[in-house]
Amino acid sequence: MSSHSVITILGATGSIGDNTLALVRQNPDLFRIKALVGGSNVEKLADLALEFTPDVVGIADATKQARLAERLLGSEIKIVAGDAECKDLAAIKVDIVIAGIVGLAGLPSMMKAVEAGQTIGLANKESLVSAGHVISQVAAKNGARIIPLDSEHSAIFQCWHGWQERLDGNDVHEGMSSIQKICLTASGGPFLTRALNEFASITPQDAVAHPNWEMGRKISVDSATMMNKGLEVIEAHFLFDLPAEQIEAVIHPQSIIHGMIHFRDGSIIAQLSSADMQVPISYALKMPGRLNWDPEPLDIVALGKLEFLPIEPDRFPCFALAQNALIQAGTAPAILNGANEVAVAAFLAGHISFSSIATIVADSLATNIDGDINTLDAVIAVDNEARRVATVLVEKIKGQ
Ligand code: NAD
Ligand code: MG
């Protein structure tokens with residue numbers, strides 16, 4: 001029997017995919033790839049398939065199937081194409097499914113993995129934000145385990161072994177009651193010190209230029225508005241089963257401490273590392289052990305100091321919108337996420353200003369789209385309606 005840990009990557013051609021595959025590349029004796037799924041970047045997907053020789057490769061954009069087949073001609077790699085076919089790959093039993101698709105587009109395959117009782121390394125926070133209730137219920141029923149890849153959540157996860165016990169279905173009630181609060185850190189993004197009266201001139205290029213992390217475009221914009229930290233607060237609520245008042249976020253421009261737990265006895269336990277997604281991903285791949293790889297050493301003396309600042313509400317209105325959506329609960333997180341995806345795409349396309357992202361999300365939330373959030377279809381219906389409302393708002397701005 002192979003001692004390899006077998007991995008499927010959803011979103012293999014993106015930034016999370018790159019970071020996961022970099023670890024696999026360094027550790028061929030430990031990991032083997034079962035399936036790789038990409039959206040539409042067929043050339044990159046083909047390169048990865050030829051390098052990592054998975055059993056199967058999936059491309060969501062079915063129009064690229066022929067090109068993928070041409071590139072993989074002569075190999076034994078099976079090809080599937082189209083959203084539904086790709087989604088099904090998440091159910092093939094493996095040691096870990098990396099959920100690295102961006103946006104709610106990742107929800108159907110995430111659900112497939114949850115229904116199949118898989119262990120999931122979750123980067124695709126949008127799915128948990130919008131469908132956290134359904135995912136939690138279905139995961140509990142099917143014995144699926146969700147391990148955070150997001151650096152802040154991985155930090156919280158690494159700070160207390162009780163979360164791991166909880167994943168195995170143990171009652172960790174006593175341990176949970178010793179937690180006063182958790183704290184997620186945020187770098188503050190590229191506009192932490194930009195004058196507020198210059199926000200009107202922010203371009204997509206400015207917004208995706210993150211000072212500490214290299215990531216996909218959507219999450220980079222979310223980091224610039226700090227919607228990302230808001231989404232992460234909601235993500236933390238579902239991952240750790242803590243209420244909004246026990247989840248805090250602070251700005252920490254060095255991105256060295258990623259998260260901490262404040263215990264009721266006055267102790268705080270924090271996790272530190274360089275701003276490198278391979279650190280949390282390596283933990284998810286090897287936990288509860290540690291992968292012996294070759295991370296960039298962190299020189300704390302050279303670093304000298306760590307700073308912490310509050311999140312200014314005027315500078316980062318998206319953060320409070322997300323916090324309030326969590327408190328409001330019900331459909332609000334799904335509306336927040338759907339509207340944000342539309343607004344970010346419109347900003348990246350040059351249709352609206354940076355500041356309009358928050359306005360569109362706020363105005364979409366104010367329409368109070370109601371509905372049920374207890375089934376996948378119901379969540380998708382709320383998401384669709386939020387996108388429709390947000391699209392109308394974008395069109396209105398474009399027409400001005
Ligand atoms: P990215 O844009 O670099 O990559 C996205 C991936 O999703 C690509 O492989 C793309 O092909 C695929 N994809 C997009 N639409 C798809 C569809 N409809 N069907 C199938 N595949 C599709 O994004 P990213 O930065 O890697 O982020 C991915 C997720 O991880 C996001 O939810 C993000 O918030 C989260 N995350 C990313 C980082 C990071 O460092 N990049 C850190 C924490 C969390
Ligand atoms: Mg994060």
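The backbone N, Cα and C atoms fix where each Cβ goes, and this holds for glycine too.
Given the structure is predicted, the values throughout are model-derived calculations rather than measurements.
For the NADPH site, TrEMBL gives Thr13, Gly14, Ser15, Ile16, Gly39, Asn41, Asn124, Glu126; the one candidate out of Gly189, Gly216, Gly230 that the record lists there too is Gly216. Within His173, His210, His262, the residue that TrEMBL lists together with Lys125, Ser151, Glu152, Ser187, Ser223, Asn228, Lys229, Glu232 for binding 1-deoxy-D-xylulose 5-phosphate is His210. Neighbour density for Asn228 (1-deoxy-D-xylulose 5-phosphate binding site): within 10 A of its CB lie 27 other CB atoms from the protein chains shown. It is Ser15, among the binding-site residues Thr13, Ser15, Asn124, whose Cβ has the fewest other Cβ atoms within 10 Å in the structure shown. Candidate binding-site residues: Glu152, His210, Asn228, Glu232. Not one of them has a Cβ under 6 Å from ligand 1. Taking H, G and I as helix, E and B as strand and the rest as coil, DSSP gives the domain '1-deoxy-D-xylulose 5-phosphate reductoisomerase C-terminal' (146-240) the counts 56 helix, 11 strand, 28 coil.
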